[in-house]
Amino acid sequence: MLNKPVLVESLIVFTIVLCVHAVVWDRYSWCSVALAIQAFYVQFKWDRLLQLGGAVFQFRAAANSGLLPASMVIPLLGVTMKERCKAAGIVYFERFGIVVASTGMLVALFLSVIAVGITKPVPTNTCILTGVAGSIIIYTMKHSLTVSEVIEVLEVLLIFVYLSMILLYLLPRCFTPGEALLVLGGVSFVLNQLIKRSLNVVEGRGEPIDFFLLVAVIGVILLGLFFTVLFIFMDSGTWISSLFFHMMTAVLGLGVIMPWLYRLIQRNPLFWLLQFLFQTQTRVYLLVFWTFLAASACGIVFYQNAKRSSESKKHQASTITRKYFHFIVVATYVPGLIYDRPLLYVAAVLCLAVFIFLEYIRYFRIKPFGQTLRHLLSLFLDERDSGPLILTHIYLLLGMSLPVWLFPRSCAPKGSLSGAGALVPYAGVLAVGVGDTIASVFGSTMGEIKWPGTKKTFEGTMTAIFAQIIAVALILIFDSNVNLNSSYAWILASVSLVSLLEAYTTQIDNLLLPLYLQIMFMA
């Protein structure tokens, strides 16, 4: 039986897809519509598999599969990037956008085929829809991609298949199928880009900060895979194992990751990083301010744990308490977006690497801090942290950072896109830092009218929309690079649709909402 929240969520996603393609209609629009229709049907097959325990891997409970909203993110990002770069006359990134869109469609289609293939009895109508959508996508790719681009798309698909088999087995209950599609699809694409650029360094495409992002993300993930395999054969909680962990981290960091980055940027990575961070006085001020905010966040963690010790062992942080970190992140990102975006770009990469590394220490119980981190972070767990990893804080960082990292700088003539596109780097701040935070705070304290079938409230959603509009007005006042060119109706529609999606989705909103708001702004 179809449930209403999933139907409303699907309707919102369909509306976003149609709004985007009403602006950028081309041959890929047919592919997106076909993919959305088949993903809608396959999503319910996935939901049935999850309810009956028939899925091959263990996925996160208390959420639907999320296949439709996740399937459309990467294709829509690619299509909007293609159109922006086409308008700017940047052919290389126009082709790159086509590759991104094609890759997203093929990976989403593969996940749909898996669901249809393991559903018993075989759903005939869904199979036909999947076949038709697949035919449209493959036909379009055949007439749009060069041979080298087709090979690149297939490489990403192959990496995705292997990564899915490994990580979904090692990390049960950490993802829904949709979240796995987004996270593992993104990692697969980043890994393929890193391999491709490592083999073609002579071409010199890309800036050092882009290479830094690629190497840092793939480096920490490979580090985690290495230690996961290693600790199958030895106890990770002993002092000997912990010493070995720290030694091998240093060896792999200095012996593999640093030389890899050196090959890409053609200079000493440590010297480049230090010179970059302290290049101007503004950067020094920002770093000092961010250090103060990081210390404040740590202070909140210690204070809340001390409060738990004095009150009750079962005490858990409230929703409002968890939103303190959202306010701190907003205070971190807004000055960086206004005064020095490249610094924010690099600082976010460093912070992501640190977060993932600390999660390794917690997960493997590495001495001397592993058990302490387990105790401190357990206070902030919610129903989405049902697996062995705690990922909500990493998703928060990703949600704020992805619009900064994915902003098509080469296609922005003066460092900023025209119209609503000027707000693309602020998509994470608006959707997560302002919208989601205000919706949770006001909804949990003053909300009375609930959206049908959900725990979210009408009051929370309305205040979130109003708060984001106020935030846009403040951005216009303080950031001189933002010029909206009278695209206020589109911004209001974008913010409203994404806020409604927040009310109905059961996926990780910190990850999903900024990407959809970025897509709408780029369109």
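Residue 1 is the first one shown; counting continues down the chain.
Placed from the backbone N, Cα and C atoms, the Cβ positions cover glycine too.
Residues annotated as transmembrane segment in TrEMBL: 12-41 (among others). Sequence-distant neighbours of the transmembrane segment (12-41) (same chain, 6+ residues past either end, Cβ-Cβ under 8 Å): 67-69, 71-72, 75-76, 79-80, 82-83, 98, 101, 105, 108-109, 112, 123, 125-126, 129-130, 132-133, 136-137, 140, 143-144, 493, 497, 500-501, 504, 516, 519-520, 523.
The transmembrane segment annotation in TrEMBL covers 61-80 (among others).
Residues annotated as transmembrane segment in TrEMBL: 122-141 (among others).
Under the heading transmembrane segment, TrEMBL lists 153-171 (among others). Only residues 6 or more beyond the boundaries of the transmembrane segment (153-171), in the same chain, are considered here, and those with a CB under 8 A from a CB of the stretch are 57, 99, 102-103, 106-107, 110, 141, 145, 180, 184-185, 187-189, 191-192, 225, 228, 387-389.
Residues or ranges marked as transmembrane segment by TrEMBL: 211-233 (among others).
Summarising the annotation, TrEMBL assigns transmembrane segment to 240-262 (among others).
The annotation transmembrane segment is assigned in TrEMBL to 282-303 (among others). Nonlocal intrachain contacts for the transmembrane segment (282-303), taken as residues 6+ away from its ends with a CB within less than 8 angstroms of a stretch CB, comprise 321, 324-325, 328, 331-332, 335-336, 339-340, 343, 347, 376-377, 379-380.
The feature transmembrane segment is assigned by TrEMBL to 324-339 (among others).
Summarising the annotation, TrEMBL assigns transmembrane segment to 345-365 (among others).
Sequence-distant contacts of the transmembrane segment (386-406) (same chain, six or more residues past either end, CB-CB distance under 8 Å): 60-62, 77, 171-175, 213, 325-326, 329, 333, 337, 341, 344-345, 348-349, 351-352, 355-356, 359, 362-363, 377, 380, 424-429, 431-433, 508, 510-511, 513-515, 517-518. Residues or ranges marked as transmembrane segment in TrEMBL: 386-406 (among others).
As annotated by TrEMBL, transmembrane segment applies to 426-446 (among others). Counting same-chain residues at least six beyond the ends of the transmembrane segment (426-446), those with a Cβ under 8 angstroms from any Cβ of the stretch are 319-320, 323, 326-327, 329-330, 333-334, 337, 396, 399-404, 456-457, 459-461, 463-465, 467-468, 471-472, 475, 495, 498-499, 502-503, 509-510, 513-518, 521.
The transmembrane segment annotation in TrEMBL covers 458-478 (among others).
Residues 166, 170, 187, 190-191, 193-194, 197, 241, 245, 248-249, 252-253, 256-257, 260-261, 264-265, 269, 273, 345-346, 349-350, 352-353, 356-357, 360, 364, 405 of the same chain lie 6 or more positions beyond the ends of the transmembrane segment (211-233) yet place their CB under 8 Å from a CB of it. With a threshold of 8 Å between CB atoms, the same-chain residues lying at least 6 positions outside the transmembrane segment (345-365) that come near it are 209, 212-213, 216-217, 219-221, 223-224, 227, 231, 236-237, 241, 245, 249, 273, 276-277, 287, 290, 336, 371, 373-374, 377, 388-391, 393-394, 397-398, 400-401, 404-405. Within the chain carrying the transmembrane segment (61-80), a Cβ under 8 angstroms from the stretch's Cβ atoms is held by residues 6, 9-10, 13, 16-17, 20-21, 24, 26, 28-29, 31-32, 35-36, 39-40, 42-43, 46-47, 50, 97-105, 107-108, 111-112, 115, 173, 176-179, 181-182, 185-186, 189, 383-384, 386, 406, 501, 505-507, 512, 515-516, 518-519, 522-523, all 6 or more beyond its ends. Here the transmembrane segment (122-141) has long-range neighbours at 27-28, 30-31, 34-35, 37-38, 41-42, 45, 102, 105-106, 109, 112-113, 116, 150, 153, meaning same-chain residues at least 6 beyond its ends whose C-beta is under 8 angstroms from one of its own.
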